[in-house]
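As recorded in TrEMBL:
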type    : residues                     : note
DOMAIN  : 13-171                       : domain 'Metallo-beta-lactamase'
BINDING : His56, His58, His114, Asp133 : Zn(2+) 1 binding site
BINDING : Asp60, His61, Asp133, His171 : Zn(2+) 2 binding site
Amino acid sequence: MALEIVRVPVLSDNYVWLVHEPMSGETMVVDPAVAPPVLEKAEELGWKISQIWNTHWHPDHTGGNAEIKEVTGCTITGPAAEAERIPTLDVQVKGGDAVRLGEVTAHVIHVPAHTAGHIAFHFADEKAAFVGDTLFAMGCGRLFEGTAEQMFNNMRALEALGDETDIYCAHEYTLSNGRFALTVEPDNTALAQRMEEVVVLRDRGEPTVPTTIALEKATNPFMRARSVAELAARRAAKDAA
Ligand SMILES: [Zn+2]
């Protein structure tokens with residue numbers, strides 16, 4: 001693929017993603033919760049940060065914006081609908097827009113529900129999507145500013161990106177999500193097998209993301225919900241767990 005993608009684990013369970021486009025030499029950061037570990041990792045790799053892309057306004061996705069911009073002079077792109085809550089934004093985008101990183105282009109997908117203006121970035125040619133807090137490994141984001149119907153539609157929009165698409169989410173929630181998923185579908189063998197692998201990885205302190213659309217279609221109870229009502233019931237049960 002024409003992108004090099006490096007994970008920077010920060011705070012208790014956030015993943016910030018450094019995305020390098022080698023033809024142009026541009027480097028972009030997705031959802032920097034904080035600045036110092038991101039700046040350090042970029043320096044270690046010899047990558048010069050030229051852009052930040054935000055998926056939504058939550059502080060654990062935007063908290064590093066100002067400091068990274070101050071140090072690097074980068075341009076910050078994020079959801080127009082949340083511009084008031086992300087005062088560091090330079091470029092406002094909405095669903096259907098295209099955003100460039102050097103020689104490659106991502107398309108913006110509007111995925112409201114976790115927040116009202118939440119967006120995802122999809123690199124179609126590179127088969128990679130940065131989904132923030134919308135889709136997680138075996139989970140989905142909480143419905144803070146939207147409805148189960150919106151999240152159900154988001155699952156359809158992300159599913160449509162294709163099985164091979166790598167999904168870069170913003171948190172390591174996989175173990176807890178998987179335990180909940182097993183209560184929903186105790187007889188799902190793909191899920192049981194995935195959980196065995198996840199337990200081993202987490203025991204070793206290793207990450208379980210990115211995931212893929214194919215894996216989520218097979219094991220994610222929110223992507224697998226057959227109706228809005230079913231997704232809503234599962235979300236409520238997970239919130240109460
Ligand atoms: Zn969030």
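Each Cβ is built from the backbone N, Cα and C atoms, and glycine gets one as well.
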Winner by Cβ contact number (other Cβ atoms within 10 Å) across the binding-site residues His56, His58, His61, His114: His56
Rounded to the nearest Å - Cα separation of His114 (Zn(2+) 1 binding site) and His61 (Zn(2+) 2 binding site): 13
Sequence-distant neighbours of Asp60 (Zn(2+) 2 binding site) in its chain (C-beta under 8 A, six or more apart): Leu11, Asn14, Ala33, Ala170
Number of other Cβ atoms within 10 Å of the Cβ of His171 (Zn(2+) 2 binding site) across all protein chains: 19
Segment confidence, the domain 'Metallo-beta-lactamase' (13-171), expressed as mean pLDDT: 98
Cβ atoms near Asp133 (Zn(2+) 1 binding site) (within 10 Å, other residues, all chains): 26
Cα distance (Å, whole number) from His171 (Zn(2+) 2 binding site) to His56 (Zn(2+) 1 binding site): 14
Cα distance (Å, whole number) from His61 (Zn(2+) 2 binding site) to Asp133 (Zn(2+) 1 binding site): 9
For His56 (Zn(2+) 1 binding site): DSSP state (helix, strand, coil): coil
Helix, strand or coil at His61 (Zn(2+) 2 binding site) [DSSP, three-state]: helix
